[in-house]
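Participant: The structure that follows is given in the form of structure tokens.
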Amino acid sequence: MPGRNTALYLSLGVVLAYCAVALSAPVIAPFDPFVISGPPLAPPDATHLLGTNDLSQDIFSRLIWGTRATMVLGFLGAVVSVVMGTAVGIVAGYYGGRVDEAVMRFLDVMMTIPFFPLLLVLTIFFRPGIYVTAVIMGLLGGLGSVRIIRSQVLSLAVADFVVGTKALGARDGYIMARHILPNVLPLVGVKFVTSAQHFMLVGIGLGFLGMGDPNVVDWGQMIERASKNGGIVLGLWWWLIPPGLAVTVISLALAWFAYACEERINPRFQVMRV
Amino acid sequence: MRAAYLLRRLLYSAVAFGISVTIMFVILRLMPGDYITLYLEGIYVIAPPEVVQAYNHAYGIDRPLIDQYFSYFLGILQGDWGYSLSYSRPVLDVISEKLVWTLVILLPATILSIIAGIAIGAYSGWRRGSKADVALLNGMIFLRAIPSYWLALMILLVFAFYLGLFPLGGYVSLSALDTGIDPLDVLNHAALPIFTLFLFSVTGTYYLMRNSMLMTAGEDYIVTARAKGLDDMTILRRHALKNAMLPMVTRVALQCAGMLTGSIFVETIFSWPGIGMLTFEALQVRDLPLLQGILLMDTLIVIVANIGADMIYPFVDPRVEVGNDARA
């Protein structure tokens with residue numbers, strides 16, 4: 001299929017561009033995102049590229065600064081989720097037996113509790129900052145990764161090369177780190193990208209529901225403000241659309257990136273139609 | 001054998017529910033800053049100690065923890081899910097009232113998305129690699145990547161604000177005050193929420209169906225059917241579709257759970273008075289008893305949906321039961 005590589009590099013480029021914007025936000029943004037920078041609800045012009053909101057804050061600057069929150073929510077959450085998922089998944093799958101049984105039963109119970117409502121209850125109680133939110137999302141969302149990694153490790157644990165290494169007297173820790181881990185890494189990588197995408201959407205969704213960290217500019221809170229304080233009724237598209245569009249673009253890039261990677265590593269996709 | 005399996009499954013779900021209730025209790029009672037104070041902060045600047053005490057007594061928070069736990073647990077089983085702070089009504093009452101409205105948009109959206117997802121997914125998987133498949137797949141990836149809240153806002157903006165085809169929100173027009181609730185009027189209000197929820201969940205069904213079809217298309221019996229000289233569409237309809245649809249039973253169960261989350265955003269944006277909107281309101285006023293009730297209800301729905309899928313599955317696919325016998 002032509003264009004798959006293009007999609008891969010294009011999406012990677014978008015992700016890198018977002019990272020660059022996040023890192024250099026203080027340099028690029030023309031205004032402090034919290035400061036009063038002109039008249040309220042001004043339409044776009046040369047000084048305010050996307051106008052101002054009801055608090056007279058520059059929307060373009062807030063959009064730039066919001067990239068940081070998105071990156072933290074997505075990638076920090078994904079790191080936590082993937083590290084936990086991989087570690088627990090490998091241990092459960094490798095040892096099998098009682099360890100595996102205990103982990104799986106625990107997961108069965110935890111996974112009956114719906115992720116998002118539970119996250120809402122935890123958020124409302126802890127009132128966490130953006131970093132803690134990301135970690136909580138990672139821990140809750142990592143439960144699903146444990147299952148996926150574990151099922152992969154189950155078959156690896158009885159593969160000839162693992163049994164052989166064991167026969168040579170290698171320790172369990174060594175086998176898990178040097179032989180099992182490299183074999184699940186591609187899967188872990190894809191899981192990392194899809195998790196990051198998921199947590200970005202969820203984290204920004206929290207902001208949209210008014211559960212965001214008030215000390216941080218995030219796109220969810222921007223959309224919430226815009227839709228609540230007249231963005232829809234007055235038809236102020238430059239206030240309402242950019243933050244949502246920004247989420248959509250990064251989410252799309254990550255989705256495409258994950259899909260392109262998955263096609264490469266998943267042999268099932270290479271089975272041709274008879 | 002089937003009865004024993006179901007019994008085990010039921011017992012197991014009961015344990016899962018019990019543990020969820022326990023987790024909820026722990027979250028509610030043992031965390032920093034009890035929720036009564038939290039709630040009163042919203043009314044008073046500094047809550048008078050007597051008021052806090054009176055509230056604590058009324059909600060039984062001054063009793064020993066183990067006491068509270070057992071009465072909480074028994075209460076849940078007896079349908080006493082606590083008392084909503086903001087509605088001043090029993091939580092279960094409020095939730096069951098709103099659940100009806102959620103179902104009004106959730107059921108049509110689920111049914112439509114399953115039908116459409118199966119049809120498009122099956123076609124896409126069967127014609128793997130064709131132009132239609134690539135276009136559909138990319139379209140679905142695109143649709144799935146759009147955050148549901150933003151999609152809902154854009155749909156609202158375009159269809160209700162700019163085009164004015166549908167109302168901006170709510171579930172009935174003001175005329176309902178005089179004439180009572182008119183089903184057609186409700187449908188008019190429900191159209192956009194249903195459409196949004198449909199878009200939101202059709203991608204999941206599509207993915208699963210396409211994957212399932214990809215696996216099925218490589219099976220030996222499909223090759224046999226082809227070798228017999230059956231035409232493409234007959235193989236698809238008579239052989240491939242039926243087998244590829246099996247995993248959808250479980251999918252439908254999971255979808256019910258996933259849609260509840262989606263409905264929080266959709267209902268909030270379209271001001272639809274269901275569970276999702278209720279969740280949003282409860283968040284705004286920090287009504288924790290109500291929130292934990294909603295969480296319990298969601299958990300219960302997931303459990304019931306899973307048991308339902310488990311019970312239906314052996315009827316749809318007899319092989320599952322054979323596998324069970326062999327293990328037992």
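For all residues, glycine too, the Cβ spot is worked out from N, Cα and C.
What TrEMBL says about a protein is an automatic prediction, not a curated fact.
I grabbed these lines from TrEMBL:
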- A:7-29: transmembrane segment (TRANSMEM)
- A:67-258: domain 'ABC transmembrane type-1' (DOMAIN)
- A:71-94: transmembrane segment (TRANSMEM)
- A:106-124: transmembrane segment (TRANSMEM)
- A:130-149: transmembrane segment (TRANSMEM)
- A:184-209: transmembrane segment (TRANSMEM)
- A:236-259: transmembrane segment (TRANSMEM)
Participant: Using a threshold of three or more Cβ pairs below 8 Å, and leaving out pairs closer than 6 in sequence, do the transmembrane segment (A:7-29) and the transmembrane segment (A:184-209) count as in contact?
Facilitator: no
Participant: For the transmembrane segment (A:7-29), what are the same-chain contacts with Cβ under 8 Å, counting residues 6+ beyond its ends?
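Facilitator: Apart from its flanks, the transmembrane segment (A:7-29) reaches 58, 60-61, 64-65, 67-68, 70-71, 249-250, 252-254, 256-257, 259-261.
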Participant: Where else in the chain does the transmembrane segment (A:106-124) make close Cβ contacts, counting only residues six or more beyond its ends and a cut-off under 8 Å?
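Facilitator: For the transmembrane segment (A:106-124), the sequence-distant neighbours (Cβ-Cβ under 8 Å, at least 6 residues beyond its ends) are 133, 136-137, 140-141, 143-144, 146-147, 202, 205-206, 209, 211.
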Participant: So what's near the transmembrane segment (A:130-149) in sequence-distant terms, Cβ-Cβ under 8 Å and 6+ beyond its ends?
Facilitator: 69, 72-74, 76-86, 88-90, 92-93, 103-104, 107, 110-111, 115, 118-119, 122-123, 184, 187-188, 191, 195, 198-199, 202-203, 206, 212-213, 216, 218
